[in-house]
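The 5-phospho-alpha-D-ribose 1-diphosphate binding site feature in Swiss-Prot is assigned to LYS29, 75-76, 101-102, LYS105, HIS107, 126-134. Sequence annotations record features per position, and here Swiss-Prot assigns orotate binding site to PHE37, PHE38, SER130, ARG158.
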Amino acid sequence: MSSNNSNQDNFIRFALEAKVLSFGEFKTKAGRLSPYFFNAGEFNDGAHLSALGRYYSKALQESKLQFDMLYGPAYKGITLAAATAIALVDDGINVPYAYNRKEAKDHGEGGVLVGASVKGRVVIIDDVISAGTSVGESVDLIRKAGAEPAAVLIALDRMERSGNAVDIGDKSAVQAVEQEFGLPVISIANLAGLMSFLTASSDTQLTNYLPAVKAYREKYGI
């Protein structure tokens, strides 16, 4: 489930301007040569983080999902959950958020979870889903706390089948998460939206990458 076309196009434009989204030839962890690269770590100042939170907030509200709080898995998800919580307040929605530590503390407040008490319907927020491992860990922590995962909210759905350059799976990481955990995955943007954006662009530097992106999707996409 992706955001509406207007929000998606604006987000892609924003990611390009911030150099979070770039085109070229990039080797993925799976060993595939991708014509594009998305690095949310480049949203690294106050202005970008504030805008990013608004995109997450809008995608979440457009989904009409019923939720009680936000959860950010360490490490990237921590900042994303906080930024989204702040952005939601601008629309009159004040919800708590929490996150986890990579290692439990045995002093002070102790434990693995930090922030608000984890309860009710919880939205897990991250940048992308690569293998679903982080989602599985988050689901376990949330359920052990007595709460219920409601959805996963990400910035970009690559719409790419799992596996490597040779062995290609039959479904994407997002589809695997939806199937395994029974959770909807909401994305601000996805590969189909990116291709539509490139097709409609008047910038020849961008449209020149469209054939490579199209070929990549035909080979690895869902």
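Glycine residues also receive a Cβ, built from the backbone N, Cα and C atoms like all the rest.
Take the CB of ALA131 (5-phospho-alpha-D-ribose 1-diphosphate binding site) and look out to 10 A: across all protein chains shown you find 13 other CB atoms. Listed in sequence order, ALA15, VAL20, LEU21, ASP127, VAL128, ALA155, LEU156, ARG158 are the same-chain residues six or more apart from PHE38 (orotate binding site) with CB atoms under 8 A from its CB.
For the recorded orotate site, residues PHE37, PHE38, SER130, ARG158 set the reference point as the centre of their Cβ atoms, and the other residues of that chain within 8 Å of it by Cβ are THR28, SER34, TYR36, VAL128, LEU156. Note on the binding-site residues SER130, THR133: the fewest other CB atoms within 10 A surround the CB of THR133. Largest Cα to Cα distance within the recorded orotate binders PHE37, PHE38, SER130, ARG158: about 13 Å as a whole number.
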